[in-house]
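The next block holds one structure in the form of structure tokens; read it before the comments.
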Amino acid sequence: MPIESGSCASARQAKQKRKSHSLSIRRTNSSEQERAGLQRDMLEGQDSKLPSSVRNTLLELFGQIEREFENLYIENLELRREIDTLNERLAAEGQTVDGAELSKGQLKTKASHSTSQLSQKLKTTYKASTSKIVSSFKTTTSRAICQLVKEYVGHRDGIWDVSVAKTQPVVLGTASADHTALLWSIETGKCLAKYVGHVGSVNSIKFHPTEQVALTASGDQTAHIWRYIVQLPTPQPTADCNQMSGEDEVEFSDKDEPDGDGDGSSDCPTVRAPLTSLKSHQGVVIAADWLVGGKQAVTASWDRTANLYDVETSELVHSLTGHDQELTHCCTHPTQRLVVTSSRDTTFRLWDFRDPSIHSVNVFQGHTDTVTSAVFTVGDNVVSGSDDRTVKVWDLKNMRSPIATIRTDSAVNRINVCVGQRIIALPHDNRQVRLFDMSGVRLARLPRSNRQGHRRMVCCSAWSEDHPICNLFTCGFDRQAIGWNINIPALLQEK
């Protein structure tokens, strides 16, 4: 009995001690949180070169990490108090706990197990809390693989489309809201020719497969076919853009955009009239492309139709109807007489002209918002991008569901596929350009900083697999096009 009463008194004393210590912990924790809040307020009041949105995000993430460590610290203190209480009970009850023998070795084992659990939980929590921060810096490792080579500055308004010539000399073409299309030397960035035949925004540009002829679509409800003659200048040494400094997530304002008023495009040769004008639409012609062989061309319009023309006679061959809303893009197969059109009605359609007597149509449904583009690969696949922030890979032999889906954090604009390596370039509304493989695995993100990359929405991407200097081009509403060198073998090896 004396031993039992002593045990009760010891337990009651330990309980009161634990309760008072717990209250002091709460007070300490509360004061620490208030002090941390004051420190954050002081930091927010200091001058910083970081944008406010980035600062707020960082403060929130570090705050979450701090709270996790505080919780773990409190749990650690609780474990230590339990160990102290057990030691007190062992000393008072002659090495017994609830009638069971507990040696010092067993106590050490239990404490070691508790410490191990705490250590594991600490590692797991720290990893989870910092995953957002780590992921935001992950893409900096791809800078050596994705290098900015040249900027093409000369337009006075946003650039909607970019394309690379398929014949010699290989030049870059851009289509702009400033009513012009420009041809560029890829190596030097010099403007070689300017087309001014349209009276509306030039929304698309595509080069003829065998001749020095370009096809442009415009807001003036026409598509123009025009010939160009260019002479490439002598290449100059290219500055290493990777030596430029700057953080990877710097915000921009409109005043940071390149100013086209002082460019050299005003003194380049000008083409003023087309060889042929295709006039059958009742609305904006948003895109146009050549069918294989270059004897026919297809156009897509906001009047909800796509038209197939004979290039030599300019006659309308087929009017492709069926979409419920405005068309956004059209694309042709590189080796077969196939056309795909995309629309704001959340679908894209496959038109088959391989049989001259008939043409069939298949409808692909799977997006929940505007399909901004759909493009072919060499095989039996179509890749579609949408404002619903997804990109889907489809098998032409099975239209019911996509074989791969890529989910992003921003609307996707005109995509392009590197046919040989099966890599998809995704331009986004949020100024990002990301690279994925056909199975949906993310490969890289193109660098974006205050010295390189796009400052506003990226509208289009185009691969040029055979060019030794630039094999990917992007354009955006910041009035510039950019040439990139993507080390594809290193990119695939890193995957």
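Any Cβ shown, glycine's included, is placed from N, Cα and C.
Of the given residue ranges 1-36, 325-360, TrEMBL assigns the label region 'Disordered' to 1-36. As stated in TrEMBL, the feature coiled coil covers range 69-96 out of the listed 41-68, 69-96, 97-124, 377-404.
Nonlocal intrachain contacts for the repeat 'WD' (195-226), taken as residues 6+ away from its ends with a CB within less than 8 angstroms of a stretch CB, comprise 157, 160-167, 173-183, 270-279, 281-290, 292-294, 297, 299-301, 309, 311. Here the repeat 'WD' (320-361) has long-range neighbours at 283, 286-292, 298-308, 367-376, 378, 382, 384, 386, 388, 396, 414, 419, meaning same-chain residues at least 6 beyond its ends whose C-beta is under 8 angstroms from one of its own. Residue counts of the repeat 'WD' (152-194) by helix, strand and coil are 0 helix, 23 strand, 20 coil (DSSP-based).
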